[in-house]
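So that you can see what the record holds, here are the features copied from Swiss-Prot:
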BINDING   Gly10, Pro11, Val12, Gly13, Ser14, Gly15, Lys16, Thr17  GTP binding site
Amino acid sequence: MKPVKIGVAGPVGSGKTALIDRLAKAMRDRYNLAVITNDVYTYEDAEFLVRSGALPPERIAGVRTGGCPHTAIREDPAANQEAVEAMLARFLDLDILFLESGGDNLAASFSPELVDVWIYVIDVAAGDKIPRKGGPGIEKSHLLVINKIDLAPLVGADLGVMERDTRLKRGSRPWVFTNLKTGEGLDSVVEWIRREVLFEGD
C-alpha cells in the first residue's frame, strides 16, 4: 500500500512546521512517518524538526526552492517529486509522508500529482479578516487550520467572526481552531487524518 502524502501550506509564520512537529510526535509511535520541507534559501524548517526530535534525521529531508515557493508545489514540482521518490525508496514501509511548502501567500495550492490531500494553516495574529479574503487555501484545502487562537485578545481578533467567515467560505469542508504552542486542537487534526485520510475507524 502506498503511503498517503499530506501537504501542509500557509503563510510565513502561521505554524506549518509547528503543526508537522506536533503531528509527528503524536503519531510516530503508531505510524511510519517521514517529512519533506521546503524553504526558499535554507534548510531551516528541516533542521528545526531534527533539533526538536520530531523524527530521526534520516526521515526528514529539506528542499531549497529558490524564487517563488508556490511554484515548487504546483507549477514546477520536479524538485519535490524527486525528494518524494527518494524518501519512498529509502523507507518502503511509510504510512504517511508530510510535505511542507515554503511560506507563501493566500494563493498557494498543491499539485494533485504531488500530494493526496493538503492542509492549509493560517494564524489569528494576521487578523480576523483572513478567512473572508478567501483564496485556494482557505476555500479548497482538505482541512483548514486556524492557529494561534491564544493571540486573539492581544491582536483584537474576534474568533466568532473568523468562525462565521470560515463557514461561509468553506461550506461543509472541515476546519479547526488550534493553539499549537499548547497542543490545543491537535487531537482534532490527528482524528481527521485517521478518519478522513487513512479511513480508519475507532
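Placement of Cβ uses the backbone N, Cα and C atoms for every residue, glycine included.
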Of the binding-site residues listed (Pro11, Gly13, Gly15), the greatest number of other CB atoms within 10 A surrounds the CB of Gly15
List the residues in the vicinity of the GTP site, defined as same-chain residues other than Gly10, Pro11, Val12, Gly13, Ser14, Gly15, Lys16, Thr17 with C-beta within 8 angstroms of the site's C-beta centre. Gly103, Val121, Asp123, Asn147
What three-state secondary structure does DSSP assign to Thr17 (GTP binding site)? helix
As a test of the contact definition, list every same-chain residue at least 6 positions from Val12 (GTP binding site) whose Cβ is closer than 8 Å to its Cβ. Gly103, Asp104
Name the residues of the same chain, 6+ apart in sequence, whose Cβ is under 8 Å from the Cβ of Gly10 (GTP binding site)? Lys16, Ser101, Gly103, Asp104, Ala108, Tyr120, Val121, Ile122, Asp123, Gly137, Val145
Collapsed DSSP category at Gly10 (GTP binding site): coil
